[in-house]
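Colleague: Before anything else, here's the structure in question.
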Amino acid sequence: MPRRKALTNNNNAGEAEQQPPKAKRARIAFHLELPKRRTVLGNVLVCGNGDVGQLGLGEDILERKRLSPVAGIPDAVDISAGGMHNLVLTKSGDIYSFGCNDEGALGRDTSEDGSESKPDLIDLPGKALCISAGDSHSACLLEDGRVFAWGSFRDSHGNMGLTIDGNKRTPIDLMEGTVCCSIASGADHLVILTTAGKVFTVGCAEQGQLGRLSERSISGEGRRGKRDLLRPTQLIITRAKPFEAIWATNYCTFMRESQTQVIWATGLNNFKQLAHETKGKEFALTPIKTELKDIRHIAGGQHHTVILTTDLKCSVVGRPEYGRLGLGDVKDVVEKPTIVKKLTEKIVSVGCGEVCSYAVTIDGKLYSWGSGVNNQLGVGDGDDELEPIVVVSKNTQGKHMLLASGGGQHAIFLVKADKQDQKENVPVKVSGSSSISKKDKTPPQDNVDKEAENVDKQEQKENLPAKASTSSKKNKTPPQDNADKEAENVDKQEQKENLPAKASTSSKKIKTPPQDDAAEEVEEESAQEPTPKKAKKPAAKRGGKKT
């Protein structure tokens, strides 16, 4: 007999068919807010070599052994040192520049004699929130999220141009149609973070610092030439979360994921300056996941990296020569982040020159260490300092240091201004047009303003994360080594040192920082660096780019 067909419950089947499909989870869009402009007013100080006007003290001042004030910049709130130029951001969002303008890094007309060596305003289509300077380029983030840049990038063959069209002597919109929230400059590359958590890179890629090109393409000799180098392009990491913070050293790029807090790094690693192994290779062409944790800020020079963690401690990694790591008489490469033990106080800000380093304490004390050949350390002599030393000067005595930034042969500092200083700093010019945003948004990381209120509402803004808010008042110790007495003793010496140098004899006194030729060093890392020599020509640094 034929089998009977199984009976089906038509009612149940109908109910199943009528059930609505499961609702899809709404994807929450990742979004970073624009940062706030710094608010603590400061005075600009400089030291080092000024052979191309990077000291901002006029054509006749070619050297400063100690920190000297720069006039004509009112209400300064942020600074950035390039290779041979500087940017200063004011409270109102204007930008002053001074120094070498051979390739347009100043972003303004300097056809008038002596105009490079004195601070002057850059004409921008809006007000700036933050600034960054490289060897020959400059950039800023405006209040509406646009990124403007000017100048040029360079590689081992020389000038690359800022875009495929060449150098740009005035600011141009580099990321049209994209809202950005952070920028960071290396020597010859620029890193940009968008509000969507995406990272874009542009510039020289010879050391892998762009993190997105093949070994054949990094030199610009591929099928597409330099087009892929000079057009901001997204750096994509498979399975990585959106990013919330970026940093750049001379030849490296660092990024932090928003959810995992993982730090990714790409670029030159011949002295382990990425703080991670690259399996025998000199550089990382694409980002590698590091073991760095709890990072507040990262700075670096040619072959070393300075790391500031959220517990306000300073660590270093990389090449030790000339004392740039601050660890004493160390001979071997430091492959893992090592705490600088001489910095016993809480550190709130770090900076680097090519072969030197700086740290600012919660009490506003400035430390410097490394190569002193160009007087970048600001301690009054040209000696190298193997360990951190307190910088003592009549221009910093009794004042609170805020920021430090090192260039190729000079350094720039921001010291908190008092009421009298603010009256004396009268604006030279009125800024151009602006597009001021009505709402200043809080940055996604290092919420400086809120943290500062927990430390000291009057003096410690922008200098401390929330976890350390209860300890600041107890840590205000007087400068070491009787700083007040030292400052009095150096006053007379500074008066002698601060006499204008004669142009006819200045070339004999100009010193050049130790040039770290990475290509040769990789082959012979154990070999000692030659003793730094004095420069014969001011433009010596404009040669081919060294790796």
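Quick reminder: no glycine exception, Cβ is built from N, Cα and C everywhere.
The compositional bias 'Low complexity' annotation in Swiss-Prot covers 427-436. Here Swiss-Prot flags THR286, THR512, THR531 as phosphothreonine, drawing on experimental evidence. Here Swiss-Prot flags SER526 as phosphoserine. Annotation source Swiss-Prot lists region 'Disordered' at 1-24, 423-547. Taken from Swiss-Prot, the feature repeat 'RCC1 1' applies to 41-91. Residues annotated as repeat 'Bj1 2' in Swiss-Prot: 455-489.
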Colleague: Across the repeat 'Bj1 2' (455-489), what does the pLDDT come to on average, as a whole number?
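Modeller: A mean pLDDT of 43 is what the model gives the repeat 'Bj1 2' (455-489).
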Colleague: Please give me the CB contact count at 10 A for THR286 (phosphothreonine), counting all chains in the structure.
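Modeller: THR286 (phosphothreonine): 16 neighbouring Cβ atoms within 10 Å.
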Colleague: Can you tell me how the residues of the repeat 'RCC1 1' (41-91) break down into helix, strand and coil by DSSP?
Modeller: 0 helix, 27 strand, 24 coil
Colleague: So, in DSSP terms, is THR286 (phosphothreonine) helix, strand, or coil?
Modeller: strand
